[in-house]
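Features of the protein shown, as given by Swiss-Prot:
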type    : residues                                                               : note
BINDING : GLU171, ARG217, HIS448, ARG489                                         : L-aspartate binding site
BINDING : ARG217, ASP218, GLU219, GLN226, GLU482, GLY534, LEU535, ASP536, ARG537 : ATP binding site
REGION  : 195-198                                                                : region 'Aspartate'
Amino acid sequence: MRTEYCGQLRLSHVGQQVTLCGWVNRRRDLGSLIFIDMRDREGIVQVFFDPDRADALKLASELRNEFCIQVTGTVRARDEKNINRDMATGEIEVLASSLTIINRADVLPLDSNHVNTEEARLKYRYLDLRRPEMAQRLKTRAKITSLVRRFMDDHGFLDIETPMLTKATPEGARDYLVPSRVHKGKFYALPQSPQLFKQLLMMSGFDRYYQIVKCFRDEDLRADRQPEFTQIDVETSFMTAPQVREVMEALVRHLWLEVKGVDLGDFPVMTFAEAERRYGSDKPDLRNPMELTDVADLLKSVEFAVFAGPANDPKGRVAALRVPGGASLTRKQIDEYGNFVKIYGAKGLAYIKVNERAKGLEGINSPVAKFLNAEIIEAILDRTAAQDGDMIFFGADNKKIVADGMGALLLKVGKDLGLTDESKWAPLWVIDFPMFEDDGEGGLTAMHHPFTSPKDMTAAELKAAPENAVANAYDMVINGYEVGGGSVRIHNGDMQQTVFGILGINEEEQREKFGFLLDALKYGTPPHAGLAFGLDRLTMLLTGTDNIRDVIAFPKTTAAACLMTEAPSFANPTALAELSIQVVKKAENN
């Protein structure tokens with residue numbers, strides 16, 4: 001039906017007869033001439049109808065936005081004065097000789113001249129995806145997956161599919177369950193990741209595996225999360241953690257070079273402890289020049305419990321954040337930041353405004369200055385490298401609250417005051433995570449997943465001091481987003497059972513849930529390691545959007561619903577009966 005795409009026509013096509021298929025993006029009727037902007041997935045070209053082709057001109061008068069049409073015509077060069085430098089096809093136009101209206105369009109529920117609500121865009125997604133910026137994002141996503149496949153093929157990786165209907169295993173979120181009609185009362189789980197299957201593939205001798213795969217997690221959603229998402233999943237045998245990172249870093253550098261024309265250079269490596277200390281986060285945004293500075297040792301003896309308490313508590317922390325030029329912040333802005341950190345459990349936000357350091361106490365403005373002597377204040381200013389015109393914010397509480405609150409404040413202030421250089425790319429690796437974290441109920445939970453190997457520990461050493469264990473894990477972070485994470489896996493049965501035991505999984509439950517894995521570990525398991533990238537998040541970064549739904553063709557809302565198809569929906573009672581499922585209604589509160 002077509003010979004060319006609208007958006008691919010150039011001066012080299014001048015004089016050629018072409019047939020185009022697409023949609024009316026805009027129509028301008030000048031009486032004796034009608035111009036339309038005709039659009040397809042590759043872009044827009046101007047088509048005009050003149051009186052010499054009366055039948056086509058007459059039919060063109062009926063055109064409206066989003067009519068689906070076919071046009072045959074001749075490509076012509078535009079006059080110099082009519083060239084549109086803002087269009088890729090702006091040097092040419094098509095003189096139409098024939099027009100076919102393939103399908104007409106009703107009045108559109110989306111307005112191309114205004115910003116539509118996200119609810120409307122998701123309900124009429126098939127119209128939203130016609131917009132050039134949305135089409136470009138999905139084209140970029142397709143390019144990324146193509147580049148990934150070629151790179152992985154070139155590096156000896158095999159694309160192997162793993163099951164979608166599998167067994168529920170604890171991986172940190174709730175599973176989506178699928179009832180079995182054949183096995184009454186039993187359920188499959190949709191995979192949160194192919195984690196165990198890819199490890200089993202390593203045990204099967206396929207030493208380099210990858211897969212671009214759908215995963216599912218029934219969890220509370222955030223702006224950058226979806227109940228179903230796509231991973232670039234990777235696993236290797238006989239490779240160390242640095243070797244895995246080297247190959248995966250090369251993949252991401254390749255993507256940025258091909259898609260953005262940017263060489264990311266070598267990625268710096270930072271430990272989890274350093275990232276938390278300097279940035280209050282395990283996914284720091286290195287475009288932001290600000291860092292946290294520990295000052296607890298300077299405040300242990302002050303008669304101000306807000307500072308002295310955490311300063312003398314082994315589980316406490318007092319951190320300072322120097323904001324260059326922050327002395328110009330208004331009282332209202334300071335109060336807003338104080339309320340902001342309360343979201344993370346902080347009780348408030350102390351500060352020192354540095355107006356003129358040379359004047360000592362008279363050169364600062366601070367509600368806590370009366371609790372601090374000149375020597376302590378000077379020591380704080382020295383340690384934070386404060387200069388005239390700066391602001392110093394303080395966080396004082398337990399380590400987690402300080403890290404969470406001050407880390408979030410660092411990011412917010414950096415963005416609000418334009419301190420974060422958004423023209424840059426700042427990738428890094430974060431390594432050496434704690435193996436376990438407190439579950440809040442006196443037990444431990446795996447910080448990554450229970451198949452991650454500890455670093456330089458025997459099973460006996462791990463069992464004796466699990467709280468000291470460092471995971472042989474690594475995350476890739478770009479501009480403050482975790483785009484991928486992985487680890488060296490446990491390849492020894494005793495170690496795996498030790499980890500299960502630390503997590504409170506008894507031997508009976510181990511056999512019930514992971515018997516197949518424990519059996520496989522008995523038969524010459526190779527050392528193996530892997531990683532998974534979030535394809536949606538990578539695409540989000542590479543297309544410059546901050547909304548992950550912009551890079552998924554048919555995404556869910558934050559309530560895990562599809563507004564277009566109205567999924568989820570009630571099931572047919574007959575289908576439920578076949579599955580031996582009865583829906584129990586919750587009793588209404590009186």
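Numbering starts at 1 and runs along the chain as displayed.
Cβ coordinates come from backbone N, Cα and C, glycine included.
Predicted, not measured: the structure shown is a model, and the values here were computed from it.
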Site extent for ATP, whole Å (max Cα pair distance, ARG217, ASP218, GLU219, GLN226, GLU482, GLY534, LEU535, ASP536, ARG537): 20
Cα separation, HIS448 (L-aspartate binding site) to ARG537 (ATP binding site) (Å, whole number): 19
List of residues, in chain order, with Cβ under 8 A from that of ARG489 (L-aspartate binding site) and at least 6 apart: GLN199, MET202, PHE451, THR452, SER453, HIS528, ALA529, GLY530
Surrounding residues of the region 'Aspartate' (195-198) on its own chain - C-beta under 8 Å, 6+ positions past either end: 162-163, 166, 169, 171, 209, 211, 233, 235, 449, 451, 514, 517, 530
For the region 'Aspartate' (195-198), the mean pLDDT of the predicted model: 97
For LEU535 (ATP binding site), the number of other Cβ atoms found within 10 Å of its own Cβ: 24
Alpha-carbon distance [LEU535 (ATP binding site); ARG217 (L-aspartate binding site)] in Å: 15
Sparsest-packed of the listed binding-site residues (GLU219, GLU482) - C-beta count within 10 angstroms: GLU219
Alpha-carbon distance [HIS448 (L-aspartate binding site); LEU535 (ATP binding site)] in Å: 19
HIS448 (L-aspartate binding site) and GLU219 (ATP binding site), Cα-Cα, nearest whole angstrom: 16
Cβ neighbours of ARG537 (ATP binding site) where a neighbour is any other Cβ within 10 Å: 20
Packing count at HIS448 (L-aspartate binding site) (other Cβ atoms within 10 Å of its Cβ): 20
